[in-house]
Amino acid sequence: MDHFNYVDGVLHAEDVPLTRIAAEVGTPVYVYSTATLTRHFQQFQQALAWTDHLVCFAVKSNSNLAVLKLLGNLGAGMDIVSAGEYARAKAAGVPGDRIVFSGVGKTEPEMRMALEGGIRQFNVESEPELELLSRVASSMGVSAPIAVRVNPDVDAKTHEKIATGKSENKFGIPIARARDVYARAASLPGIEVVGIDMHIGSQLTDLEPYRQAYAKMAELTRALRADGHDIRRLDMGGGLGIPYTRDNNAPPLPIEYGQVIRDAVGDLGCEIEIEPGRNISGNAGILLSSVIYLKEGEGRDFLILDAAMNDLIRPAMYSAHHDIVPVAEAAPGVAVAPYDVVGPVCETGDTFEKGVQLPGLSAGDLVALRSAGAYGAVMASEYNSRPLVPEVLVNGDQFAVIRPRPTLEEMLGRDTIPEWL
Ligand SMILES: Cc1ncc(COP(=O)(O)O)c(C=O)c1O
C-alpha cells in the first residue's frame with residue numbers, strides 16, 4: 001500500500017497534487033511520501049515485535065538525508081556499504097551503535113572512520129577483510145564487533161544481477177568454511193565476534209529461499225556456540241520484494257517474513273537484525289515526469305518523456321517494470337492506446353517500457369512512474385549531461401525539496417580544465 005492516489009481526478013502524493021509539485025519544482029523529479037515510508041518501516045517493527053531487534057534500513061536503496069532522518073527518528077538503524085553512506089547515516093543523526101557496515105570491499109580508511117565514529121558491527125565478507133580489520137582496530141587500540149557474512153548457497157529466485165546468496169556470487173564466506181573463519185576471528189586481536197550475517201538477494205517474492213537460508217543460519221549458530229563463540233546477534237539481511245504493479249500477485253508481507261524468521265531462529269535467544277531497503281522505500285516514491293513529444297513512428301507511437309535512463313536506470317539495467325500512469329486520471333471508458341515510453345537519452349536502451357496502455361497524452365502532460373523510491377535517485381547519473389534529478393518529500397499537505405535540481409553552472413563547475421589547455 002502507498003499514499004499515491006487519485007483525488008478529484010488528479011494523482012496526489014498524500015494530500016499534495018502532483019501538478020503542484022511539477023509547477024513549483026519542475027520535472028523530472030522524485031517524490032517521496034512520509035506516510036508510506038513510516039508505514040513500511042512500522043510493518044517491519046511489528047513483524048519482529050516478538051523479540052529484541054533492530055530494523056536497519058538499507059541506505060543503498062535511498063540515501064537522501066531527509067529520508068534517513070525520517071527513518072532514524074522512528075528508531076531505524078542503518079545498513080551501510082561505504083564511507084559515504086556512513087557519513088550520510090551520521091549526518092542524519094543516526095548513532096553509530098545503530099549502524100551496520102556491509103559490503104565486500106571495505107577499505108582501511110572506511111574501517112577507521114567507522115571505528116572512530118562508532119559502529120554497531122562490521123559484516124565481514126572475506127578472510128583478508130577480517131585480517132585487515134584486526135590490524136586496523138588493534139592499531140587504534142579498540143575492538144571491532146563483527147558478524148561474518150555467510151554465503152548459504154541458496155537460490156533466491158530473483159534477477160541474476162541482484163542474487164547474492166549463491167556460491168558463484170562474490171558475497172560472503174562459503175558456509176562450509178564458516179567455522180574455520182570464526183575460529184580465526186576469535187584468535188585475532190581487535191576482533192569481537194558478536195553474530196552471524198546473511199543476505200541472499202533483493203526483490204525476493206517467495207519466502208522459501210529465506211526458509212532454506214535461515215535453517216542453515218540456525219544450524220550454524222548452534223555449531224558456533226558449541227565451538228565456544230558468543231553468537232548473540234543474527235543479521236538476516238534484507239531483500240523482501242515489493243509489488244511493482246498492482247495487477248499481479250503481491251509478494252509476501254513483512255509480517256509473514258517475520259514469522260519465517262521466528263520459525264527458523266526464534267528459539268535461539270538472539271537479537272535479530274534485518275536490512276530491508278526496497279520494501280521500505282520502493283513504493284514510497286514515484287518519478288514524476290512530463291511528456292515532451294508524442295512521436296508517431298511506424299506501427300508504434302513513442303511517448304518521449306523528460307525523464308530518462310540516467311534518472312531511473314532500473315528498466316535499462318534489469319529490464320525492470322514500473323507502472324506508468326497519467327497524473328490526470330483517465331475518465332472511465334476513455335480509449336487507451338499503446339505507447340513506447342522512452343526518454344531523451346541517445347540510447348535505444350533508454351526505454352522505460354514498450355506498449356504501455358495509456359489514454360491520449362500530449363506535450364506537457366504529466367505521468368508518474370510508480371515504485372521508484374528504491375534504487376531510483378541513488379542510481380541516477382548525469383549521463384548526456386543531464387543535471388541530477390531532484391527529490392521532494394511530501395508530508396500530509398506540505399512538501400519540501402530535499403535535493404534541489406543543480407543548475408547547469410553547478411554541473412559544469414565541478415570540472416576543471418588544466419592550465420596547459
Ligand atoms: C547486504 C545488503 N543488505 C540489504 C540490502 C537491501 O536489499 P533490499 O533493498 O532488497 O531490501 C542489500 C541489497 O542488495 C544488500 O546488499
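Each Cβ is built from the backbone N, Cα and C atoms, and glycine gets one as well.
Per TrEMBL, the candidate among Arg278, Arg405, Arg414 that belongs to the substrate site alongside Arg314, Tyr318, Glu347, Tyr375 is Arg278. Going by what TrEMBL states, the pyridoxal 5'-phosphate site holds Glu275, Pro276, Gly277, Arg278, Tyr375, and the candidate of Gly239, Gly333, Gly413 recorded there is Gly239. In this structure, the C-alpha atom of Glu347 (substrate binding site) lies 26 angstrom from that of Lys60 (N6-(pyridoxal phosphate)lysine). Distance noted between the C-alpha atoms of Lys60 (N6-(pyridoxal phosphate)lysine) and Tyr375 (substrate binding site) is 7 Å. Looking at the domain 'Orn/DAP/Arg decarboxylase 2 N-terminal' (35-281) alone, the prediction's average pLDDT is 95. Checked against ligand 1, the recorded positions Arg278, Arg314, Tyr318, Cys346, Glu347, Tyr375 give Arg278 as the ones with a Cβ under 6 Å from it, listed in sequence order.
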